[in-house]
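Report on one structure; see the data block that follows.
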Amino acid sequence: MRLRNKPWVKEYLEKNDKYLISWDKETKINLSDLFNNKKQPVHLEIGCGKGNFITNHALKESDINFIGMEKEETVVGVALKKTLAEFEQRNKEVTNLKYFNDFAEDLSDIFAPSSIDKIYLNFSDPWPKARHSKKRLTYRTFLDIYANIIKSHGILEFKTDNDGLFAFSLEEIAENKNWELIYQTTDLYSDIEALKNNIPTEYETKFHTAGKNINKLIIKKTF
């Protein structure tokens, strides 16, 4: 996600850096050093946007530690501001959510093997041109990377409004021995059971309101 530059963001992030994850690019992040409750599972959202999804998950699931990953500094600032406001409104302290303002093509450079319990991919860039297919976050090499950093039998959830990207993702998963498809739908909002625990992203709300179908799949690591 890209937003216009907001002059207040840099100073705001510096002031609230305890909610940010620093990475020296030389060593992997030690997840046990990030949160007060070190024994809680860790869920990672890759491309967290303005923070609605991960903020509401963190509010709802205090027994889980969350990481929101986003490479655009302005977006991280907007997301963190939303998080702090939502928690403050409920008189809660943010203890189970941190933001990571960085990115690496190979997440194995950042996270140790089998260190993440669950991964969320929400409305990722579809990279519609065929020559850019390797940049799609559900391309086979990315699926292999996720399988490396996620724990045994860990879960990955993926939502998108882009039907072409969804079809592509299903094909990639079908050919990848590391993952088993356990749920899929091309119309999430017609699945009443699935909606019970659904937390929408900003894009999701926008597209659904406009009448666009929302695709979702869930895969499980096979080992």
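Placed from the backbone N, Cα and C atoms, the Cβ positions cover glycine too.
The shown structure was predicted, so the numbers you read here are calculated from the model rather than taken from an experiment.
These come from Swiss-Prot:
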| type | residues | note |
| --- | --- | --- |
| BINDING | E45, E70, D125 | S-adenosyl-L-methionine binding site |
| ACT_SITE | D125 | active site |
| BINDING | K129, D161, T201, E202, Y203, E204 | substrate binding site |
DSSP three-state assignment (helix, strand or coil) for E202 (substrate binding site): helix
Site diameter for substrate, Å, by largest Cα distance between K129, D161, T201, E202, Y203, E204: 25
Y203 (substrate binding site) CB neighbourhood, other CB atoms within 10 A: 20
Shortest C-alpha distance to T201 (substrate binding site) - which of the binding-site residues E45, E70, D125: E45
Other CB atoms within 10 A, centred on E202 (substrate binding site): 16
Listed in sequence order, residues with CB under 8 A of K129 (substrate binding site) and six or more positions away: none
Residue among binding-site residues E45, D125, D161, E204 with least C-beta crowding, 10 angstrom cut-off: D125
Rounded Cα separation (Å) that holds between D125 (S-adenosyl-L-methionine binding site) and D161 (substrate binding site): 10
Listed binding-site residues among D161, E202, Y203, E204 whose Cα sits within 10 Å of E45 (S-adenosyl-L-methionine binding site): none
In three-state DSSP terms, the structure that E45 (S-adenosyl-L-methionine binding site) belongs to: strand
Neighbouring C-beta atoms (10 Å sphere around the C-beta of T201 (substrate binding site)): 24
